[in-house]
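Written below as structure tokens is the structure these notes are about.
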Amino acid sequence: MTFGQFLLVAVLAVPALGAVAVAATPADRAARLVGTVAAGLTLLAALPLAAGDRGWFAWSATAPAVRPWHQLDLPWVPGLELRFHLGVDGISYPLVVLTALLTLLCCLYSLHQVPAGGSGRTLVALLLVIEVGILGTFLALDLVLFFLFFEVVLLPMYAVIAGWGGDDRRRAARKFVLYTLFGSVLLLVGVYVVVSAAGTADIVALTGGGGLSRGTQLFAFTLLALAFAVKSPLWPLHSWLPDAHTQAPTVGSVVLAGVLLKMGTYGLIRVAVGVAPEGARWAAPVLGVLAVAAILVGALVCLAQTELKRLIAYSSVGHMGFVLLGVATLTSTGIQAALIGNVAHGVITGLLFFLAGAVKDRTHTGALAELSGLRETAPRLAGLLGFAAIASLGLPGLAGFWGEAFAVIAAIEVGGPLWTTVGVLAAVGGALTAAYFLRLLRQVTHGRPSPAVGRLAPTLAGGELTAWAPLVLLALAIGLAPALVLGIAEAPVNALVEVLP
Amino acid sequence: MNGTTVLGVLLPVVPLVAGLLGLLLPPSPRGLTAHGRDAAAGETWARRVAIALGVTGAAGALALAVALLATSDSPTEASTTWVRLGGLDVSLGVRLDGAAALVAVAVGAVALAVQVYSIGYLKRGPHDDVDVDHRYPPYAAQISLFTAAMLLVVVSGDLLLLLVGWEVMGICSYLLIAHDRRLPEAPAAAVKAFLVTRVGDVGFLLGIALLGVSAGSFRIADVLAADHSAGTLTAACLLLLAGVAGKSAQFPLHTWLPDAMAGPTPISALIHAATMVAAGVYAVTRLYPLFVAAPVALTVLGVLASVTLLLGALAATAQDDIKRVLAWSTVSQIGYMTGALAVGSPGAALFHLLTHAAFKALLFLAAGAVIHAVGTTLMSKMGGLRRAMPVTFWCTVIGLGALAGLPPLAGFWSKDGVLAAAQEAALDGAGPTPSWVGWLVWLSGLAGVAITAWYATRLLLRAFLGETRAPLAHPHDPPGTLRWPVLLLAVPAALLGFAGFAGPFADRLQPSAPATAERPSDLLPPEPLVHLAPSVLLPLALLLLGAGLAWARWRRDPAADPAAALGPLRPVFAAAFRLDDVQHALVVRPYRALARMVRAGDERVVDGAVEGSGRAASSLGAGLAALHRAALPRAAAGVLAGALLIGLAAALIGANA
């Protein structure tokens, strides 16, 4: 077993064992500490995955379109031909690190504060289980394994929302679980269609079409794309998201927006586009139009939104629209834009939900009408909220810019009346994004302090700063040096684009 | 990387670092008031560091810019790959020429003046009951970031890097305009400033996308060297113009600029003089060879310039707020610059940009001194300030003289350069655009001279001469931190015009060699910047006419506003032809209604379908459950009926088999 294979196993085993250890530790605070250590170790195991021989497969005409830096391929259930096949490459690595980082930050935040509703110990254990599921989804190179990890996430997330959420948590959690379960059914059918037609579940072998007939590809792509569209979520299959976000506790929202949604967009790129490229080509115009609809609808709904967390949730719909637009162009530029947009959204929206949670915990309200003048009483919190909002509206120089601008540029690059229109409308959606975020800032930070804001203390807790600072720095770092993400993604994306019809 | 490039790279980096460090300081002293005296100490500590950082950043930028100007003799360019997306190269690089160095000097000088001026302007005096100095550290840091962003636009060698500076400048203007907590209208004005410019930036981004995709790279040198199709070029240039119109406050995206007066006065000076509004004009000069090849875009620019020039000048005639007069005069003066671009003279545009930077910064800072002294921005509450504030008065005279184009002040020479270029385009068809564009720019420019002279005279008379209309105020010349920036800015406002004669200055604005990929020189072959032809008498006569009319009106009744002469047009001009209302009715309200509609549709239709199918499933289940809740007789009958059916089916299938 090489060091890389050891790391691949460790990335999944450490949080899984950590969850068990947390559950076994009787004292609440000690258990949260154990969980935080486990999350930290996971991040430490994930980071060095980048090291090693990236020329694992020498470039040749017959090389597969997925060339993992490290992989581990073991028989799992030989009778069913199931294999335990893990691997990491430039497409999955940034998301793996992002997941490990955000889980660590959520655990750190849980050391500082546990939302009402249950014990902090259980919450941290559930977070670690969710982490196992998400990391497994990003690492799996076997379709059935991918599906299993995809499903691992569902119930713990349900428990987090239903256990630690707001007043209307049960309804929101039920809606979340039923809606995404509906998507999972489609995913299961899609996986079954592909595996039974191709006779293998190996993503490496399947990428590029793998000998699937055109009809199978169209059918499989439709099923898979619908399944991932529910998870991402892509308009008009998004309506579980605002409720789930509004009701979820802060850490739940952060994980949900930061990485859980990314399973959908990652699946779209790696599985749906990779396995059924002809289907992707066939559906690309529809996806592009839906993406622009998501951008515009998300922005317009945000303009008329009256609740802080709901607004941020809807902003995710718009941002995921840009990611989908990038994917839909099926060009190297577009898919790279989608990848960096994915990562940037995880960082920035994670930060936004942390800050919105802090505002809501302090003022006990999320209604925009009751929030005003935050910069007078809590200037640092207001400053951070301003930073996050500005980053989210896609200011050049910050992380959000690259994904949005290059999704537009990729659409223009494809050319033709349809894609040009799509690109122009997406750019207009970018301006609308600015409109609702500035409306948010004007309402919340400027003006005279409202009664709910007037009694705030100006200080931030150490635990809060520890959890937020890495995200602030990352939003700045990715904005200034996008090559952090794109440098490693270029080769695998080019390899993927080459096998597209 | 040679010394010149290092200077160019450091130019935006120095204020950027100062700004980022400043943002780490404790933002507001108010949060600490619970600790009593410690709070006061902490406040002065944070404020002092913020002042030091701000002034150092601006002074460093100015020093670097001067060094760049002194050392750069030929255009240079250096870049490295920033990121590659697909086949598109984004580079991180600088592109330096004489024009860039001159504009950088102007930016640095104005930024330094504004930083120093703000120390005194945003300071709580012993008798002030409101803390005007609140949140000073972020304020100073945002000015530094603003400066860095503008300098990035100036030196950038890549269109996307330019876009970074372009938009960061927008967000800094948003933050700074909303700074003053005492003005309830400030946040709305700030949002408007950012959104209107952002609407233009949609076009700017799309234009950059078209050019970048066509050239395969976003490096300015590559974009200029690439062979674009005519359609792409025209479309891209028109789209870029949308962004230029937004940033440089050109019709119809000019509406944000007068409202932006809600920002503190030094910020107005910064936005109006050397940054923000200058960025649009500068960006066009950077890409001028593309525009020359797309005369349709230049024609559109010429029409917009003429409209803007007259619109701004007429709106300035009827304002009572001294800052709004100056704001509308900026709109009008930028119209001269874009007009010069339209008739094919980027050199004249840059010359006017530089002199305008000097005299407009001077005018705003002097107006700030007046506002500081009398506590109002309304000219109807001023009057007779000449005796109490002699320094401010004379500096304002210089600034207004330069604005109106009074020889030998700076504005005279640069405005004459613009008019001469327009005249040449009109009479000889010399420009890249049809000669009617030349006529349009020339005639509106000439009319603008008279109107400018009229409102400049009115401002001077209303604020400084006659009897005071604020008997309770005790105006006085401002303290040193306010006075010195004003005095020093008066020097270039008076004398910069003579630099147009000097060889090195004129050469830097118009490098001699035509643009090639190896030797980036953006501008056209040299032509004299300063024109002393008999035609110069025409604008002079118009100037005298405008000033004389205002003066005569004032002589008749020194207490009355000369704007009364406008009669029924006065409210129309004061509301700037009610274009704000048009914008509100045609854009803002429909969008809000659309947003509400989409939200309702999303919640009722899209989510309604989901909830509806959930409810339908629940009620179906409830119905089926109800069917199963049966009493014994019916249940027994049901079981028997089922057994019968199954038996029947078995018999039938068995019979068929």
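Our numbering is plain: 1 for the first residue shown, then up by one each step along the chain.
Here the Cβ of each residue, glycine as well, is placed from N, Cα and C on the backbone.
Pulled from TrEMBL:
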DOMAIN    A:140-427  domain 'NADH:quinone oxidoreductase/Mrp antiporter transmembrane'
TRANSMEM  A:6-24  transmembrane segment
TRANSMEM  A:91-111  transmembrane segment
TRANSMEM  A:123-141  transmembrane segment
TRANSMEM  A:147-164  transmembrane segment
TRANSMEM  A:176-198  transmembrane segment
TRANSMEM  A:218-238  transmembrane segment
TRANSMEM  A:282-304  transmembrane segment
TRANSMEM  A:311-331  transmembrane segment
TRANSMEM  A:337-360  transmembrane segment
TRANSMEM  A:381-412  transmembrane segment
TRANSMEM  A:418-438  transmembrane segment
TRANSMEM  A:465-489  transmembrane segment
Tertiary contacts of the transmembrane segment (A:176-198), as residues 6+ beyond its ends and Cβ separation under 8 Å: 143-144, 146-147, 150-151, 154-155, 157-158, 161, 205-206, 210-213, 216, 219-220, 223-224, 226-231, 237, 239-240, 243-244, 267, 275-276
Remote residues contacting the transmembrane segment (A:418-438) - C-beta distance under 8 A, at least 6 residues beyond either end: 285, 288-289, 291-292, 295-296, 298-300, 302-303, 305, 311, 315, 318, 321-322, 325, 329, 389-390, 392-394, 404-405, 407-412
Beyond the flanks of the transmembrane segment (A:6-24) by at least 6 residues, Cβ under 8 Å: 31-32, 34-35, 37-39, 41-42, 45-46, 48-49, 70-72, 86-88, 96, 100, 103, 121-122, 124-126, 128-129, 131-132, 135-136, 139
Segment-segment contact (the transmembrane segment (A:337-360); the transmembrane segment (A:282-304)) at 3 or more Cβ pairs under 8 Å: no
